[in-house]
Structures are given as C-alpha cells and as structure tokens.
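Data first, discussion second: the structure below is written as structure tokens.
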Amino acid sequence: MSIFIDSLSWALLLLGGFICVSGAIGMHRFPDFFSRMHAASVTDTLGGGLVLVGLMLQVEGQYIVLIKLILIVLFIFLTSPTASHALAKAALHGGLRPKLGSNQEEQDEDVLRSFGPVKSEDTKNKE
Amino acid sequence: MAFLAITALSLAFTKDLFASVMFTGIYSLLSAAFFVLMDAVDVAFTEAAVGAGISTILMLTTITMTGRYENNKKYHPKIALTVVVITGIMLIFGTVDMPAFGSDTAPAQVHVAPYYIMQSGEDIDIPNIVTSVLASYRGFDTFGEVVVVFTALVGVLGLLEFSRKESELGNAPAPMSQHKVLRIVSKILIPAIMLFALYVQFHGEYSPGGGFQAGVIFASSIILYAMLFGVEQASKAVSMPVTKVLAALGVLIYGSVGVVSMLNGGNFLNYSVLAENDITGQHVGIIIIELGVGITVATAMILIFLTFARRIGKNSEETA
Amino acid sequence: MSFLEQYNYWVVIFLMMSGFYIVIAHGNLVKKLMGLTIFQTSVFILYISISKVIGGTAPILDDKYNVYSNPLPHVLILTAIVVGVATTALGLALAVRIKEAYGTIEEDVIQEKDLQQEGSTE
C-alpha cells in the first residue's frame, strides 16, 4: 500500500515537472501572445497543482503540512486563472488581437463587438 | 545564479522602463528562491513579499507618472565601463582570501552565532532563532529599523501629499468596474490574505514569519483592494488620518516596551523584567514588539501606495 | 579546489558591478533606482551565502537536527531589506516631484535646465 502511494506521488511529481517544461517550451514557440499566455497559465495551474498533489502524498504523519498544502493548491487554483484572465483582458484593451487562422484579417465577431477594431499604432509599439 | 546574472544584464540594456520594472521583480523573486536554497527562509519570505511585491508596485506607479521610455544616451559611457571593470577586478582580488563557501570554520560562524544558537533555547524558548535574535538579542537594531520605515513614510507624505491642493481630488482615475471576474475573486481573497497576515504575525516565533512579513502581506491585501475598487474608495475604507495615527502608534508601542522595562529596573528593551518569570517576560516582550512592528510596516506600506496613487490623479489633471 | 568555492562570490561581484554600472551610466532617474535595488539585493546574496553551513538546516530549533545555518546574517539582511524598500519608496517619491518641477527625469536635461536658471539669475 505504501509502495503504491510512493510510486503514485513520484509519477505525479514527474508529470508535473514535464508539464512545467512543456509549458516553458510552448511559451517560446507559440506564434501569438494569447496562445503563449495559455501555455504560461497551464504551467502555473496544472503543473504546479500536480507537483503539490504529489507532495501531499509524500506527507507522513504531520497532518498540519497536508492542510497547508491543500490551502496552497486552493489558492493557486483561485489566483492563477484570474491572473491570466487579467493579462488577456489588458492585452485586448491595449489593441492586441488573437491571430485566428493563417489570414491575419479574420477576427472574432464577439471580440470586435466588445473591444472595437485594432488601433494600428498600438500594435506597432508592441512588436 | 546564472539566471540572476542574465536578468541583471537584460535590465541594463532595456530602454522600456516597464520591462525593466518586470525584470526587477523577476530578479527579486529569483534571489528569494536562492535564499531558500541557502536555508534562509525568513529572509526569502521577506524578500519575496517586499522585493517582488511592494517594490514592483511602487515603481509601476512611478513610471505611470514619469514616462515609460528612457531617452537614448547621447554618448557611449566608456568612463563608466572602465570604472566598473576596475572596481570589479579589485573586488575579485579581495575575495581570494575569503573562506570557502559553506565551511563551518569560517570567522562568521565561530564567534557570536554559536552562542545564539545554543543559548536561545534556554534564554527565550521559542523555536525560530531568527525571531529571537531579531526581537530580543538585537532588539535595538529592530527598533531603529521601525523608525526608518516610519521616517520614510513621513518623507513620502511630506513630498507627495501635503503639496497637493484639495480641490483637485475630485477627478481621480475611474475604478475598474468592468473587470467583474477580478472583483469577485479578490472579494474572496482579500479576507483570506488578511487572515494569513495575522497568522504570519503571531506564528512568527514557531515558523518563518514575524512582524515585517505580516505587515507587508496585510498591506498588499489593501493595495489589491485599492487597485480594483478605486483609490478614493480605498482611502475612505482605510481612513487615512486614522492610518497615519496608527503608524506612529506602532513605533510608540515598541518604544514604550523599552521604557516599561527600564521602569521595572532593567536596561532599555530588556524583556526579562517584564514579568515574574524571565522566559515569560521574554515572550511578552517579543509578542508586543512584533505587534508594533507589524502595525507600523502595514500602515506605512498602505499609506505610501495610496499617496503615490492619489498623485497620479493630480498629474493627469495637469497634462490633460 | 579554491576556484569552485569562490564561484559564488564572483557571481555576486558581477551582479554588484552590473547594478553599479546601471547607476552611473544611465540618465533616467528611475532606472538608476532600479540599478540601486539590484546592487542592494546582490549584497544581500553575498551575506546570505556567507551564512550557509553545508549540512545545516534552517535556523529553527527542532529536536531532529543539530547543525544549523548561521542566523545572525539572516537578522541583518532582514533589517536591510526593509530599509532598502523604505529608501526606494522615498527615492521614487523624489523622482515624481522632480518630474513635476522640471518636466523630465533625464539627468542631463535636468542639469541643462539648472545651468540655464543659474545663468539667467546672475
């Protein structure tokens, strides 16, 4: 039983580490700001969450550490998606638009309706 | 360590001040991680909260008012480079004699520190040695530090608050009413952050923590509220005159503990004479001064941020 | 090997020098303050790496450990961090006031304006 828990926690830790690394690679290689941000937030939420759950399984006997880890996971699940939401909203306000398809001129109608068309001088400053 | 070097270099060569502020935040966070590796958990806590939190926010509010890009240099700074390189070489020459990293016979480790580590358990009886040294053995230094924070607060208030005419207060920047997700999440989080600040304050004797970290965490919850709900509403919620009085009150609490111990027959800030039992006196003294430190640091950070933020309103009045 | 043991200190000196370079070579006042922050933090790193004892643990008394890292530099650096942020806050407030008084925070433009004012009042 304890070997099962040990190997499960090791698997979770390794998986969390792999997700963090792939998130970092994705942050470099994705073509567009919004997909890069998605990669970053996956690193934060899923990678961090899995590592912490793996650590939770390693705790033996000191239940105060288990409770603290659960609180940290709750906090991360609450704040990290909010942070990426705030970033995306700020970018949309600043004039950046997601690149849909290979044609740069296609845009989503919802985005156009709530935020207006791209202000061209702002995007020149960003790149 | 290599990441730190890369970050510092990139900071030097970026013209965009916003990016430089982000680099400063990354630098602080990386050094906090380094401190954890060096077993300095209290210091890492403080550096992460203060450097990556408060410093970054204050610099961002400053560049809001002073402009985002810096001008290009008109000349190539050869003299500066040569001075820097010569100083660096002299310092490296100075480190040749330094003790090896991590050795336990280095001069820093053999004189006073073993006394603190071994006697702290018997004299003061709290597990966190850093708190016991900070609050009791070196309590006078901490008193000076609290006064420095208070003085910086007075300086910032004198520079930015009192030279502002009251009539320009009306046109403050609009609160972010359209960011509903952020508002809802922060309404859940702000009480939790305050509770965590209180936990860190009073648990500082058993685990990393203490007055400074707790004060900074509490201030950051109020700053979060001010950023999302508008500076005017936050000024009303936190009631600036009361906060100014509280900042002075924190320093007063610290000083009066010292005076009370003098009245009880001991030296200034000698806690042993505060109660019948030596160790109980130490506990009482440490809790009270940590409270004073926490109150002063929290109110100072809140007031400094609110002062900067209210100034933004005045500046955009002038340029508009 | 003494080379590997001193490696930590050399990286710290490199960080210190880059902070120093930013302070003296850039004209923008806020950039100078950032360089000062880098300089301060690298000094903290130097002190904390002096305090580390290999094989020790964080200085919190516990029955399971009997080798601790040195807590005295921790206390000094804790004080220094808070004093550093207080100084930075005050410096930033000064930069804001200079901007309002002169209209710019580039050092050379400020010096020109000062010289012009001195020339016109004499």
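Cβ from N, Cα, C; glycine included.
In this model, the domain 'MrpA C-terminal/MbhD' (B:2-66) carries an average pLDDT of 78. Per TrEMBL, the feature domain 'MrpA C-terminal/MbhD' maps to B:2-66.
Marked as domain 'MrpA C-terminal/MbhE' by TrEMBL: B:100-167.
Look at TrEMBL and you will find B:181-302 tagged as domain 'Na+/H+ antiporter MnhB subunit-related protein'.
Positions annotated as transmembrane segment by TrEMBL: B:43-67 (among others). Long-range Cβ contacts of the transmembrane segment (B:43-67) within its own chain (Cβ-Cβ under 8 Å, at least 6 residues beyond either end) map to 17-18, 21-22, 24-25, 27-29, 31-33, 35-36, 208-209, 212-213, 216-217, 219-220, 223, 301, 304-305, 308-309, 311-312, 315.
Outside the transmembrane segment (B:79-96), and at least 6 residues removed from its termini, no chain residue falls within Cβ reach (under 8 Å). As annotated by TrEMBL, transmembrane segment applies to B:79-96 (among others).
Positions annotated as transmembrane segment by TrEMBL: B:142-160 (among others).
The transmembrane segment annotation in TrEMBL covers B:181-200 (among others).
Per TrEMBL, the feature transmembrane segment maps to B:212-231 (among others).
Here TrEMBL flags B:243-263 (among others) as transmembrane segment.
Taken from TrEMBL, the feature transmembrane segment applies to B:283-306 (among others).
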In contact by Cβ distance (the transmembrane segment (B:142-160), the transmembrane segment (B:212-231); 3 or more pairs under 8 Å): no
Remote residues contacting the transmembrane segment (B:142-160) - C-beta distance under 8 A, at least 6 residues beyond either end: 134-135, 244, 247-248, 250-251, 254-255, 258, 269, 289, 292-293, 296-297, 299-300, 303-304, 307-308, 310-311
Folded-back contacts onto the transmembrane segment (B:243-263), same chain, C-beta under 8 angstroms, at least six residues removed: 139, 142-143, 146-147, 150, 153, 157, 269-271, 273-274, 285, 288-289, 291-297, 299-300, 302-303
Residues from the same chain, set at least six apart from the ends of the transmembrane segment (B:283-306), whose C-beta lies under 8 A from its own: 54, 57-58, 61, 124-126, 131-132, 135-136, 139, 142, 146, 149-150, 152-153, 156-157, 197, 201-202, 204-205, 210-212, 214-216, 218-220, 222-223, 226, 231, 234-235, 238, 240, 243-244, 246-247, 249-254, 257, 261, 269, 271, 274-275
